[in-house]
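What Swiss-Prot records for Asp109, His286, Leu287, Ala288, Asp289, Gln290 is ATP binding site. Taken from Swiss-Prot, the feature active site, tele-AMP-histidine intermediate applies to His310, supported by similarity to another entry.
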Amino acid sequence: MHVLDGSSGGGQLVRTALTCAAVSGESFRMRYVRRARSNPGLQAQHCAAVNAVADICDAATDGVEVGSEAFSFEPEVAAEEADDDEEPTLGGTTSVEVGTAGSIPLVFDSLLPLAGALDEPITATLTGGTDAKWAPPMDYFQHVKLPLLREHGIDATVSVDRRGFYPRGGGEATLTVEPSTPTPITLTERGDREALTAYSVAESSLADDEVAEQQATAAAPDAAHEIAYTDADSAGSAVVLAAEYEHSRAGFAALGERGVSADAVGENAADALAAFESGPGAVDSHLADQLVPVVAVAGGEVRAPEVTTHIETCVDLLAEFDYDIDIEHTDDGAVVLSA
């Protein structure tokens, strides 16, 4: 069993460990989970990720509860303990409540890298936050990350049944991942921008003030606009700029907050897009972080705007499972990740 140190990382480290264990069949125990965070230990969305992946690979777990700073994960043990004649399989159906506004897209992130190792499809239905703080909104997941992964052989789709905004959540979405043959993810050049779409969503009570329209216009007045109003348990809003380039994709998001105007929310997304396009990355920094475990199992080369703590800690953890990723710093400040 691998003994992993979770003190220097956050939820991304937990999700990466789950990916490695499910694909390799190797067990781990993680100690000092998120110790450097202001709220150390597992939080609700991390527990949801552990439980979802455990369902998919018949894992036995211990210590999976909110606040726990140590937990273990043993793939295929639950199937073996069932004492039947069926071989353990990777895939199946899971339904997990993330809790309040815990991020549904971040839990989905723990399942996507499994695509190339699946014996049968994954169908994962989660309830919680679709558009939550400190996480990519659902439109980023749906219109930036998934299209990029599909271009590289990962057959995954998501349906959103209900939006969930901070703080109450209450959203619901279902991810389907088919057994796939991923191709190496080679994203070293950005090229010219070929398309830009502003996806702007707000809870129905904000329609009279045209919050979604204002966000989209402030973010990108000349882009295509996809405007949506939706019933939800909490009032909230989000805007995502989905940019398509000659050789890559990137996304830039901002969430509505009490006391922040819709125009300011849109401008935050616009500023992030402008900063990215003035820099050297082929993908945005959030996508680069999330692609690390996918590159580890599928191979490839990704040019990120910068090396983040998420990248460094995940690369170190991947090495524990014999997945080697090289980090090359370039003269223009970018970093190239290759496997």
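Placement of Cβ uses the backbone N, Cα and C atoms for every residue, glycine included.
Here the features listed in Swiss-Prot are placed on the structure.
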residue: Asp109; record: ATP binding site; CB count, 10 Å: 26
residue: His286; record: ATP binding site; CB count, 10 Å: 20
residue: Leu287; record: ATP binding site; CB count, 10 Å: 23
residue: Ala288; record: ATP binding site; CB count, 10 Å: 26
residue: Asp289; record: ATP binding site; CB count, 10 Å: 19
residue: Gln290; record: ATP binding site; CB count, 10 Å: 26
residue: His310; record: active site, tele-AMP-histidine intermediate; CB count, 10 Å: 20
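Highlighted in sequence order, Pro136, Lys145, Val283, Asp284, Ser285, Leu291, Val292, His310 have their Cβ within 8 Å of the centre of the Cβ atoms of Asp109, His286, Leu287, Ala288, Asp289, Gln290, the residues recorded for ATP, and are not part of that set. Note: the Cα of Asp289 (ATP binding site) and the Cα of His310 (active site, tele-AMP-histidine intermediate) are spaced 6 Å from each other. Between the alpha carbons (Cα) of Asp109 (ATP binding site) and His310 (active site, tele-AMP-histidine intermediate) lies a span of roughly 14 Å. Here the C-alpha separation of Gln290 (ATP binding site) and His310 (active site, tele-AMP-histidine intermediate) works out to 9 Å.
A gap of 9 Å separates the Cα atoms of His286 (ATP binding site) and the residue listed as 'active site, tele-AMP-histidine intermediate'. Residue pair His310 (active site, tele-AMP-histidine intermediate) / Ala288 (ATP binding site) shows a Cα separation of 10 Å.
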